[in-house]
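One structure is given here, and the rest of the page talks about it.
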Amino acid sequence: MEKRVYEVWKGSNKFFLGGRLIFGPDARSLPVTLLLISVPSIIFCIFVARHLRHRFSPYNAGYGIMVVAVVFTIYVLIILFLTSARDPGIIPRNSRPPEEEPHHDSSVPAQARNRHTPGRQFPRTKEVMVNGMQVRVKYCSTCMLYRPPRCSHCSICNNCVERFDHHCPWVGQCIGLRNYRFFFMFVSSTTLLCIYVFSMSALYIKVLMDDNHRTVWEAMKESPPSVVLMAYCFIALWFVGGLTGFHLYLIGTNQTTYENFRHRADNRINIFDRGCPSNFDEIFCTKLNPSKNNFRALVQEEVPRPTEEAKAEDVGGDTHPKIEVDLENRQDLLKIIDLSKISRRQNDEENDSRESNDPLRSTLEADSIMGINHRASLTMTMIRSDPEPSSYGNSSSEIAADSHTNSTVTIKEAGRLFE
């Protein structure tokens, strides 16, 4: 049965519009981010910008304050959408391990080896050349591939992402090679929007003070929404403003958030730093490569293979009836053996009178009876020493074979008893 790639996707992503939009598993936080941006902007336009329309008479410049706020807010929301709803640089996972010489790694549990690469284990790392230097890349047992340099596996999205920076819960998406540019534009634009709303709210307080020669406190009582917006933007600036400054440093040194924490702990040399101008050019002026995943492509859905337990159940379901039939045959044979014993006793009583007349014949018949008793006891032992029914499920085919063999032996013994 043919399905789309996004319908059989093994990652934790969420898709919309038939696989055209891809989000992270925590996309529910995205509406919260939308509200945190849009609600303050709406309050600003209603309670602050509307009163400043006629404060700047030349060319009605006051209208520009509201227009800038609306356009800037829409721009930030569009950048947020471009950051959150696109492929961050996911590397398609392999359906089978790479064609390389495997080796056994005792540090990896046997259960993990059987789950990811059945029957063989690949080297955890290998060396590749980057800018004339050797870089160690790791093998991802989940995606069954050697990660390219600067690639890491996101535990939240369950994907290997190129130039992995971090997973941002506020945008509900991984930040990687194909959306880092938009993420920085979103963070920096949000910082500028906070500064703009804070400044215009403070300007409106100043206008109220100049109109009636009021104090600051009186003007603030006159426009409480302006005070709330100033406090909100001041707090937000500590987060988005600090994040903007931190990522400016990362771009200037050509690092990712993940590399910054890892290299700082390991004291590694950054081999990707090409100088501040070249680093900024790489982030903002380099053409983005198309996605390596066509989420709307048709693929053949893989038929799940039966597990070993299912196979064992199937085998057990076929052999149990045979074993039950064999057991019924053995019970019939036991009855036959009992009848043979009764017949033998009657013969013994008839021959008692002859023993005194022919000692040699009585001796031979005694030996024959002892042999029959031995064979009968052997048959009883073989029948009663069979395994309990609870063990039939473990090795059903072997028990069925033993049952058939023992039944054959019993039949032969019973035949000899009747001779």
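Including glycine, each Cβ sits where the backbone N, Cα and C put it.
Annotation source TrEMBL lists transmembrane segment at 30-49, 61-83, 182-207, 227-252. Residues annotated as region 'Disordered' in TrEMBL: 92-123, 345-368, 384-407. Taken from TrEMBL, the feature compositional bias 'Basic and acidic residues' applies to 96-106, 345-358. What TrEMBL lists as domain 'Palmitoyltransferase DHHC' is 138-262. Annotation comment: TrEMBL describes 391-407 as compositional bias 'Polar residues'.
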When counting C-beta pairs under 8 angstroms to the transmembrane segment (227-252), the leading stretch of 30-49, 61-83, 182-207 is 182-207
Helix, strand, coil residue numbers for the domain 'Palmitoyltransferase DHHC' (138-262) per DSSP? 76 helix, 17 strand, 32 coil
Overall pLDDT of the domain 'Palmitoyltransferase DHHC' (138-262), taken as the mean: 93
